[in-house]
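Right, one structure below, let's go through it.
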Amino acid sequence: MEEDIDTRKINNSFLRDHSYATEADIISTVEFNHTGELLATGDKGGRVVIFQREQESKNQVHRRGEYNVYSTFQSHEPEFDYLKSLEIEEKINKIRWLPQQNAAYFLLSTNDKTVKLWKVSERDKRPEGYNLKDEEGRLRDPATITTLRVPVLRPMDLMVEATPRRVFANAHTYHINSISVNSDYETYMSADDLRINLWNFEITNQSFNIVDIKPANMEELTEVITAAEFHPHHCNTFVYSSSKGTIRLCDMRASALCDRHTKFFEEPEDPSNRSFFSEIISSISDVKFSHSGRYIMTRDYLTVKVWDLNMENRPIETYQVHDYLRSKLCSLYENDCIFDKFECVWNGSDSVIMTGSYNNFFRMFDRNTKRDVTLEASRENSKPRAILKPRKVCVGGKRRKDEISVDSLDFSKKILHTAWHPSENIIAVAATNNLYIFQDKVN
């Protein structure tokens, strides 16, 4: 994946697979840490699996930077809200890393209601020679203690521990859809359908409500919050998107409750494209600031749009992800696929964007050359270190040998979650219960 998306130079490795997928094994979020050395995935079973990149070896060039399992832990358990008689799923909705400050790693994970701060650390020594406890940790009889011992640290096999350091609960009435760490690294926000809360990492029993769009009469509700993110450099600025296809940029310096936006991004609808499904497919499923902070990228059902922060009336770029599905919206509505929430990501230099589609396809768009490519993440078509071939979807008429008909697309195979290494051309793609890593091929 050079800057012009040279698909001839893509190879892949296959990381996580269960031949017989259960609902709990389906990957629900993927996220690289700030250095790209670690890659975290969360699944519907409430588990977090962290992969660590291998150090490059001169005598094994083909194993350049492969990722192996580093730690696995149960982040969330299923719960029951007795006041509302509602089950709370253990599914991990989002994972966000904090920048590394010391030898340990910290990450946030959230399900529908509760955000947790996890510390992931290594141990390769253990203390021995306590005076009041024996080697098993049991208290010794003081009468048997005749000498004073100085405890010592003994080497042991490397062990990776994940411990919950903070639990942020009881602040969301509705389902959490986004968490975002602020650039001050002291605060973060969590967003649900109607509210956005601001948290301090040190305070778990109190949060500040910074956005509240809940009407006094719920019958007047016309839109919900679908995603939210802090600006990468300005700690006072954040954006949130809505189910109406609008994006609001807010400045926390203006007021404590950001009920008035600073900027409002919306593209006027083309009357010729108006249909029963217009409002559904215009709902934004993901919003991402570029690394530079100059642009916002949004994903709706059929397109990816790039907005300049200085121009609110229309996007500067619009990319068709799978426009061939426009004629299939009726059947996609009937099987609920039209409500799928696809994510989108930038590459490290903001020059290429990536998002998922159906049939285990994912799309890449080069913003400079305007070239795009469709690739497939599947076991049948991609063995480890094999070169990926571009795929094409045929709409009616004659179908070429290397094309796939739009009628034969498998809508149960979908790529909703992807991640891009912060500085290298390495991507992670979650296809149901399988995780794929794709990278530049070594020449």
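Residue numbers in this text run from 1 along the chain shown.
Yeah, the Cβs are placed from backbone N, Cα and C, and that goes for glycine too.
As recorded in Swiss-Prot, the features of this protein are as follows:
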- 22-61: repeat 'WD 1' (REPEAT)
- 87-128: repeat 'WD 2' (REPEAT)
- 171-209: repeat 'WD 3' (REPEAT)
- 220-260: repeat 'WD 4' (REPEAT)
- Ser275: phosphoserine (MOD_RES)
- 279-317: repeat 'WD 5' (REPEAT)
- Tyr295: phosphotyrosine (MOD_RES)
- Thr298: phosphothreonine (MOD_RES)
- 334-375: repeat 'WD 6' (REPEAT)
- 410-442: repeat 'WD 7' (REPEAT)
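Per-stretch counts of Cβ pairs under 8 Å to the repeat 'WD 6' (334-375) identify 279-317 as the leading one among 22-61, 87-128, 279-317. With a threshold of 8 Å between CB atoms, the same-chain residues lying at least 6 positions outside the repeat 'WD 1' (22-61) that come near it are 15-16, 67-78, 89-97, 99-100, 105, 107, 109, 111, 118, 120, 162, 417-424, 426, 428-430, 432-435, 437, 442.
In the shown protein chains, 11 other C-beta atoms lie within 10 A of the C-beta of Ser275 (phosphoserine).
Counted within 10 Å of its Cβ, the other Cβ atoms near the residue listed as 'phosphothreonine' come to 25, all protein chains included. A mean pLDDT of 97 is what the model gives for the repeat 'WD 5' (279-317).
Long-range contacts of the repeat 'WD 3' (171-209) within the same chain, counting only residues at least 6 positions beyond its ends with a Cβ under 8 Å from a Cβ of the stretch, are 93-94, 96-99, 108, 110-113, 115, 117, 221, 224-235, 238, 240, 252, 256-258. Recorded residues the residue listed as 'phosphotyrosine' and Ser275 (phosphoserine) have their alpha carbons 29 Å apart, per Cα-Cα distance. With helix defined as DSSP H, G or I and strand as E or B, the repeat 'WD 3' (171-209) counts 0 helix, 17 strand, 22 coil. The residue listed as 'phosphothreonine' falls within a strand segment according to DSSP. Cα to Cα, Thr298 (phosphothreonine) and Ser275 (phosphoserine) are separated by 21 Å. Mapped onto DSSP helix, strand and coil, the repeat 'WD 7' (410-442) counts 0 helix, 18 strand, 15 coil. Within 10 Å of the C-beta of the residue listed as 'phosphotyrosine' there are 21 other C-beta atoms, taking all protein chains into account.
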